[in-house]
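A.B. asks: Provided herewith is a single structure, encoded as C-alpha cells, for subsequent inquiry.
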Amino acid sequence: MVVHIENLNAFSAALKNAGDKLVVVDFTATWCGPCQKIGPIFETLSKSEDYQNVVFLKVDVDDAADVSSHCDIKCMPTFHFYKNGQKIDEFSGANEQTLKQKINDHK
C-alpha cells in the first residue's frame with residue numbers, strides 16, 4: 001500500500017512511525033510523464049509479498065511543496081530511501097530496475 005503524504009508533519013510522522021523499516025518515497029507530479037509511467041510500478045511493488053516490511057510513501061511536489069522543499073527535490077520522479085529517519089540513498093528517473101535494486105539492497 002502506498003501512503004500519500006500531504007504535508008511535512010505527515011512526512012515526519014511517517015518516517016518516525018516506520019522505525020527501522022525501509023521507507024521508500026516517490027516524489028512525483030501529475031504533469032510529469034515519467035512519473036505517470038513509474039507510478040503504477042511503485043504501487044505494484046508496495047503490494048508485493050517481498051516488500052511487506054517496506055513502507056511506501058508518495059509525495060506530490062505540488063500538493064506537498066513543504067516536503068519537496070525540505071527534501072530539496074529538483075526533478076521528478078525522485079526516490080528517497082530512509083531508515084531510522086535518516087536518508088540512506090536516492091536516485092532520480094523512472095527506472096524500474098534501479099528502483100527494485102535499491103529496495104532490495106536496503107530492505
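Backbone N, Cα and C atoms are what each Cβ position is placed from, and that goes for glycine too.
As annotated by Swiss-Prot, domain 'Thioredoxin' applies to 2-107. Among the features that Swiss-Prot reports, site 'Deprotonates C-terminal active site Cys' is placed at D26. What Swiss-Prot records for C32, C35 is active site, nucleophile, and it gives similarity to another entry as the kind of evidence. According to Swiss-Prot, the disulfide bond annotation covers C32-C35. Per Swiss-Prot, site 'Contributes to redox potential value' is recorded for G33, P34. Residues or ranges marked as S-nitrosocysteine by Swiss-Prot on the basis of similarity to another entry: C71, C75.
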A.B. asks: Taking Cα atoms as reference points, which of the recorded positions C32, P34, C35, C71, C75 is nearest to D26 (site 'Deprotonates C-terminal active site Cys')?
C.D. replies: C35
A.B. asks: Which residues in the same chain, at least 6 apart in sequence, have a Cβ under 8 Å from the Cβ of P34 (site 'Contributes to redox potential value')?
C.D. replies: M76, P77, G93, A94
A.B. asks: Which whole-number value in Å describes the distance between the Cα atoms of C32 (active site, nucleophile) and C75 (S-nitrosocysteine)?
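C.D. replies: Between the alpha carbons of C32 (active site, nucleophile) and C75 (S-nitrosocysteine) there are 10 Å.
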A.B. asks: May I ask which residues of the same chain, at least 6 positions away in sequence, place their Cβ under 8 angstroms from the Cβ of C71 (S-nitrosocysteine)?
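C.D. replies: Non-local contacts for C71 (S-nitrosocysteine): V25, F27, V59, H80.
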A.B. asks: Return only the integer: C-alpha distance in Å from C75 (S-nitrosocysteine) to C35 (disulfide bond).
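C.D. replies: Given the Cα positions, C75 (S-nitrosocysteine) is 10 Å from C35 (disulfide bond).
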